[in-house]
Structures are given as structure tokens and as C-alpha cells.
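Colleague: Just lifted these from Swiss-Prot, have a look:
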type	residues	note
ACT_SITE	S111	active site
COMPBIAS	334-351	compositional bias 'Polar residues'
DOMAIN	38-289	domain 'AB hydrolase-1'
REGION	310-359	region 'Disordered'
Amino acid sequence: MNTNNNFSNGEEVSIHIGTGIDIAAKAWGPKESSQKMLALHGWLDNANTFDFIAPILAEKGIRIIAIDFIGHGLSPHKPSWCNLYYTDYITQVLDVAEALQWKTFSIMGHSMGAGIASIVAASMPHLVERIICLDFIGILSKEQDQIKAIQFAMQTRTTINNRKPHLYNNKQAIFDKLKANNPWIKDEAGQRLLDRSIESVISPTTGEQCYKLRHDPRLVGPSIFIMREAEVLLMLDEIQCPVLLIWGTTSSQQFQIKKNWTQIMEGRMSHIKNLKQLVVPGSHHFHMENTSAFSQDILEFMFEEKDLSFTPSSTTQQQQQQQQSAENKKGDNHNQIAEQDLSTSNTSSPIISKPKPNL
């Protein structure tokens, strides 16, 4: 494994999972750390969403792997004959953890990623040590006629599959569209997300270079199966690990999926046994705006009730090895499973074209 010690940019890695797919990801922090964390991005976002907070956590000794969900970022799309289900993201998380040989781990998720973290923690409590939910908890729910929902999804399936991608003459045009749809996103944050979301192509009509979004267009289609709110609450009842939920002060105004959104979130929080809640200045993407407002809270949450202390960024490799040896002598090595080598990759080309790593 070729190591990139630049905590700010992270290390580009490719993770070959059991289904034969290479998942694109970014890594920060020491591989030998006892603190393992998977970072899950939101809908239509990508691993770059953690570029601001991950380096801070990594400098304190936390190993962080931020993945691109299938159909997002640099990860491949599912075949056209496959339908998309939110449960696929759950299996992706478990497949990645298995490929990394992590016996237990924590999860940090933003928006949809926080929802997936909730389900994984509820369904596999023996694997998840703690979860950090950024601006969301649980998953989207809807009181709908399931048969009609399936009918509508099937009726629109062909149209979405045959839809040609929109081509843009330059990157600025895509950025302008992003800002128009999400005016709260800061310029630097929006640009960071787009760096991993667009690719250069040749226009079939003009033969000139242009740009398109990488994400699977089916992601904007209707969902076939959506939980009812009562089912979401039953799921949240099953979460056994500590939960840190962080909200942005203005996100509720920007993220009004339902009129009674605040009441729904309050109801969900009442079903979580071990919950800590924090409100910080910022929008729905507050984790890309002002990390100093909450990074210390995450660190305290990650290290609380454990015989662990922060690892200074200046800690040498020898000191880390000595600390590792001492922990192993205590017999607390349940989470010291070393990751096998992950292949380095280049963000300028799709991960689907890269050779598979030896995991």
C-alpha cells in the first residue's frame, strides 16, 4: 500500500467487496488505530463531503474510511436491469467493513448517510460501537399505498433508464446549477463536492469537450419501497450504541421535506436510548463550513468511556507501535484487525476501470 500522509486530502483507495464491485473511498488516519470509523455521505454527494472534518479526527488517531456509495462519486453504477433500493447501501457498508476486516467500528453519516448508519446500528448492534449523525436521524418515511408506489416506480423506470445525461459546456455551468438548487452551500464546499461528481466527456453531436455529472440518474427517480414512520421508530428502538446527533441551526429551513419535520425528528429522538444532541451554527452542510464548532464534541464522544486518549498529530510511528503493543497485552485487541492493502487510485478516472486490489 502506498501511503499518503497528507491528512487534508486523504488517500484515494479502492475497496473490492464480495459482490465483485470496487468501491471508491478516501482514507485518513493510522491504519493500526483502535478507533475505526466509516463515513457515509448524503444523497447525490460523495466522500469529499468529509474533507473538512476527517483530517481533524485523523490527527487525533482515528482511522477514517469515507466511501462513495454505488452510483455516487467515483464508484460504479449498478447495471441498468437492477432496481435501486436504500437497503443496498446497508449491505455496501457491511461488505466494506468485511473487506477491511473490521470486527467493530463506528459510523459517521451525513443526511442519507446518517439514516443508513441508523439502520446498520439497529440491525447489526454487535458491529457498531457508536454512530455520529449529521443533520439527520433515521430514514425517510412516507405513509403511502405501497402497491401504487411500485406501479409508479415501474412506469417511470424505462423513461429514467433511457434519459440521456445533460451535458455542460464548462464546469462553472454545473457549479451554477448546484448553487441554484442548494443556495445554502458555501462555494468552497460546493466545489469540493463537484470535484468528485463530474467527468469530462466528448459531445456526440459537436465533438467538443464537455462535462456531465457522474451520479446514476436513477437516483432521482421514485423509490419503490419506503418505510412508514412507525416502522422507522421500531428500528430506532433497536439501536444499542451511543448516538451523537448534530444539527445545523438553519438546516430545518432548507430541508423541509415534510411540514411537520420538527415534530417527526423530536419523535424519533425519543426512541433512541443513549442520545446526545448538539446544535451548531450552519446549514444542512454545516460539517463543511465550520468544523471548529463541533470537532471537539465528536472527539470527546469517540473517546469517552474508553481507556483511550487522543493521539497527538506529532506522535511518531514508534510511539504508536508501543501503544499498540501495550493495548494488545491488555487483551483488548478485538478491533486491532489490520486492513489489508488497498490499491491507490486517481480521481481523474472512474474507479470501474481500475484493477481490483488484493484484499
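Each residue, glycine too, has its Cβ placed from N, Cα and C.
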Colleague: Which whole number is the mean pLDDT over the domain 'AB hydrolase-1' (38-289)?
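Modeller: PLDDT averaged over the stretch: 90.
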Colleague: Report the same-chain neighbours of the residue listed as 'active site': residues 6+ apart in sequence with Cβ closer than 8 Å to its Cβ, ordered by sequence.
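Modeller: Non-local contacts for the residue listed as 'active site': H41, G42, W43, D45, L134, D135, F136, H284.
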